[in-house]
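Now, the feature entries from TrEMBL:
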ACT_SITE  Glu179  active site, proton donor/acceptor
BINDING   His22, Glu25, His117  Zn(2+) binding site
BINDING   Arg64, Glu179, Tyr289  N-acetyl-L-aspartate binding site
BINDING   Asn71, Arg72, Tyr165, Ser166, Thr167, Ser168, Arg169  substrate binding site
DOMAIN    13-207  domain 'Succinylglutamate desuccinylase/Aspartoacylase catalytic'
DOMAIN    220-300  domain 'AstE/AspA barrel-sandwich hybrid'
Amino acid sequence: MSFSGSASFAEATRVAIFGGTHGNEMSGVTLVNLWMKNKEEIQRKRVDTEPFITNPRAVEKCTRYVDTDLNRAFTPENLSAPGGDDLPYEVQRAQEINRIFGPKGSPEAYDVIFDLHNTTSNMGCTLILESSKDLFNLQMMNYIKKAIAPASCLVLLNEHPLLKYSTSRSVAKHPVGLEVGPQPQGVLRSNIFEAMRVILKHALDFIELFNEGMEFPPCTVEVFRVLERIDYPRDNNGNIIAMVHPNLQDGDWEPLNPGDPMFQTFDGKTIHYQGSSTVYPTFINEAAYYEKQQAFVTTRRETLVASAIRKA
Ligand SMILES: CC(=O)N[C@@H](CC(=O)O)C(=O)O
Ligand SMILES: [Zn+2]
């Protein structure tokens with residue numbers, strides 16, 4: 001069968017898998033180290049896949065970053081900043097990664113970059129997209145969701161004008177984040193590790209099928225679009241005065257309705273969600289986000305339509 005409206009893309013032959021963008025998120029660090037020793041599992045006939053540790057100094061120290069968050073560092077300013085050795089380590093590293101896998105926004109950039117992350121939140125398997133217009137990625141999401149059923153994986157779409165950030169994977173033509181949790185920082189959990197591994201397998205299978213010329217029919221993809229960042233309640237000195245409410249803790253992706261409990265103060269008072277409509281919270285109580293003044297993000301459920309695609 002052929003779909004007259006098929007969008008076409010060049011064969012996606014140059015693929016990278018990033019681990020250790022945050023040095024204390026152990027599934028990605030471990031999988032990438034494993035695959036650097038033996039590439040067999042990630043090899044496909046028509047895809048060249050490069051496993052790569054993006055922040056080796058942070059991995060060595062088992063910390064999120066050394067000077068500044070690498071997954072916020074791929075701004076045009078940073079990528080073109082002069083200064084060499086005087087720049088923060090992660091800015092130097094971003095420039096290096098951009099030289100190897102980019103340049104960002106250029107025809108020479110890698111086709112697909114998967115960036116592997118773990119969260120302390122109870123998010124399960126989450127694929128993160130940065131554009132609702134990327135048909136190749138939307139078709140990939142649809143493929144992965146079907147392939148892993150009855151297990152599930154959700155798609156978080158971050159194209160918020162203010163909350164979007166300049167990720168490591170953003171140097172690729174098709175950036176894909178993979179966030180799996182819950183897993184504490186610095187810890188490996190076998191269930192989380194295996195879940196990540198299975199998603200990568202299906203993702204690479206999708207690219208292989210695409211490169212073989214398979215046509216992917218029109219589809220719809222359910223996504224959760226980032227709406228708002230919610231901070232912890234604070235006193236006038238900026239100190240946190242409440243925790244995530246027990247009803248909300250671990251309730252990632254479950255509807256949060258106006259009036260639902262959201263925080264619990266240290267003296268036991270409940271603070272309720274004051275929004276005007278039902279939202280889907282995620283990244284609830286993520287350890288790395290205390291420094292970013294974020295207790296969770298709210299999202300809205302949307303169904304995106306992706307037209308057919310095939311190789312040019
Ligand atoms: C917990 C964590 O590191 N999450 C990632 C999400 C992403 O890759 O977009 C980050 O904040 O960079
Ligand atoms: Zn991370």
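Just so it is clear, glycine is given a Cβ too, placed from its N, Cα and C backbone atoms.
TrEMBL entries are annotated by machine, without manual review.
Shown here: features listed in TrEMBL, placed on the structure.
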residue: Glu25; record: Zn(2+) binding site; Cβ within 10 Å: 29
residue: Arg64; record: N-acetyl-L-aspartate binding site; Cβ within 10 Å: 19
residue: Asn71; record: substrate binding site; Cβ within 10 Å: 25
residue: Arg72; record: substrate binding site; Cβ within 10 Å: 16
residue: Tyr165; record: substrate binding site; Cβ within 10 Å: 16
residue: Ser166; record: substrate binding site; Cβ within 10 Å: 19
residue: Thr167; record: substrate binding site; Cβ within 10 Å: 23
residue: Ser168; record: substrate binding site; Cβ within 10 Å: 30
residue: Arg169; record: substrate binding site; Cβ within 10 Å: 27
residue: Glu179; record: active site, proton donor/acceptor; Cβ within 10 Å: 25
Select, from Arg169, Glu179, Tyr289, each of the recorded positions with a Cβ positioned under 6 A from at least one atom of ligand 2; if none does, say none.
none
Under 6 Å from ligand 1 by C-beta, which of these binding-site residues make it: Arg64, Ser166, Ser168, Arg169, Tyr289? Sequence order, please.
none
Using Cα-Cα distances with a 10 Å cut-off, which of the binding-site residues Arg64, Asn71, Tyr165, Ser166, Thr167, Ser168 are near Glu25 (Zn(2+) binding site)?
Arg64
Arithmetic mean of per-residue pLDDT over the domain 'Succinylglutamate desuccinylase/Aspartoacylase catalytic' (13-207):
98
From the DSSP assignment alone, can you count helix, strand and coil residues within the domain 'AstE/AspA barrel-sandwich hybrid' (220-300)?
3 helix, 34 strand, 44 coil
DSSP secondary structure for the residue listed as 'active site, proton donor/acceptor', reduced to helix/strand/coil, please.
strand
Intrachain C-beta neighbours of Tyr289 (N-acetyl-L-aspartate binding site), sequence separation six or more, cut-off 8 angstroms:
Phe283, Ala295
Quick one: Cα separation, Ser166 (substrate binding site) versus His117 (Zn(2+) binding site), in Å?
15
Using DSSP, would you call His117 (Zn(2+) binding site) helix, strand or coil?
strand
Name the residues of the same chain, 6+ apart in sequence, whose Cβ is under 8 Å from the Cβ of His117 (Zn(2+) binding site)?
Thr21, His22, Glu25, Gly28, Gly177, Leu178, Glu179, Val180
Integer Cα-Cα distance in angstrom, Arg169 (substrate binding site) to Arg64 (N-acetyl-L-aspartate binding site):
16
Looking only at C-alpha atoms, tell me how far Arg72 (substrate binding site) is from Arg64 (N-acetyl-L-aspartate binding site), rounded to the nearest Å.
12
Cα proximity to Arg64 (N-acetyl-L-aspartate binding site), best match among binding-site residues Asn71, Tyr165, Thr167, Ser168:
Asn71
